[in-house]
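Pulled from Swiss-Prot, these are the features on record:
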- G131, T132, H133, G134, K135, T136, T137: ATP binding site (BINDING)
Amino acid sequence: MMNSKCGKAFQQRVRDMIPEMRRVRQIHFVGIGGAGMGGIAEVLLNEGYFVTGSDIMESAVTARLTSLGAKIAFSHAAENIDGASVVVVSSAIRADNVEVVAAQERRIPVIQRAQMLAEIMRFRHGIAVAGTHGKTTTTAMISMIYAEAGLDPTFVNGGLVKSAGTNAHLGCSRYLIAEADESDASFLHLQPMVSVVTNIEPDHMETYHGSFEEMKHTYVNFLHNLPFYGLAVLCADDDVLTELTPKVGRQVITYGFSEKADYRIEDYQQTGFQGHYTVITPSGERIDVLLNVPGRHNALNATAALVVAKEEGIGNEAILAALADFQGAGRRFDQLGQFIRPNGKVMLVDDYGHHPTEVGVTIQAARQGWENKRIAMIFQPHRYSRTRDLFDDFVQVLSQVDVLIMLDVYAAGETPIAGADSRSLCRSIRNLGKVDPIFVSDHRQLGEILDQVLQDGDLILAQGAGNVSKIARQLAETWTKE
């Protein structure tokens, strides 16, 4: 689907329209394997820049970038930035990182990931997707629709676009579709033509000084980065977005299950892991949508993508074909297969959701697609600060599964916080009395424990944003696939 449909002459005209960054020849990424960093690096490699980077471990992302010509070191050292014109960092990189300090001493510009994304977007028709949940999947869906329509977009996503086999692609058209990161408020650097906001919930509150009001105000500022002729596409089902809509001084179009939505979803049904529903447009047109990814949340994601495409003049045929063929985004309800275990057959699903709302919709989709079967979850909390801030919500949502296996918190560089660890979560969940969690301090024991508790027909959710995916996939390699 991602094969270019543009001629060489047109490709050259597009390149001529997009100026090179003057005096920039070598671009260095600190933490190049991180979500979003690798995608930007890939686009820049394909634009002809020399890209270097560093990370603490090898990954599929670093392997791909190396194959494209990037030079990557798997440790942090001052000499890694030798020759760099600019150093790009993500919010996960500390200010005292040796490469950041060396760059500052040498007066090499150090910029946020979103600032580099903004430069890529500057001379393109940008479509930015923000929100607490669903932005990776929505970005992937929009990208696939534009590709199906023959528009060959550039896209930069925070997760793998399965049908493209990558999370980034340099297209030959003027369109750029990008996931916008609110975690450090760096999405304020972007100046797109179209902005989508899927929902707003408290998360990454350290960025917003613990103030949800500040976070909401920042989202309004993000939408005001649109030109006066731009378009804001907002979810009508989200109470916070409904509250903020009157404050947005740009054209707004809404979507959702709400009767007040401009593009309204009706008659959603799920059969197995397939969803189908009808969208009623502002003109009264009825559009029947088929999805091969489950859950009402994915119907919302798909409808956001549909709205963007319809409002930008793409026909129904391309929209519906792309959505029907959509294979999902990496680690979003990713079905790893059905396996034969001592007590019977089980299905293993890998999912990135790490916020209580995300975990909840994943459980709901699993219940609808795996009716009358038990849901077993391997959960790995992500960050002590998130566990602390959303502790009670985690207790409630994790109590909805039938079997709960809890791994240690994936710290992501944070210092442990008393009362915000996995053992504390287990105690509170056990006290609620709905499920008796099993704490596993050494993931090497996970396979043995699973074989003790699993039953024939169980669906296993490997849930979290840390290395639980790697753990689950390594486990699956030792299991017999049906």
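Cβ from N, Cα, C; glycine included.
T132 (ATP binding site) carries neither a helix nor a strand DSSP state and counts as coil.
Here the binding-site residues are H133, K135, and the one with the most other Cβ atoms within 10 Å of its Cβ is K135. In the three-state DSSP reading, T137 (ATP binding site) counts as helix. Sitting within 8 Å of the Cβ centre of G131, T132, H133, G134, K135, T136, T137, and not among those site residues for ATP, are the Cβ atoms of V129, T138, T198, N199, N301.
Comparing the binding-site residues T132, T136, T137 by how many other C-beta atoms lie within 10 angstroms of each C-beta, the top residue is T137.
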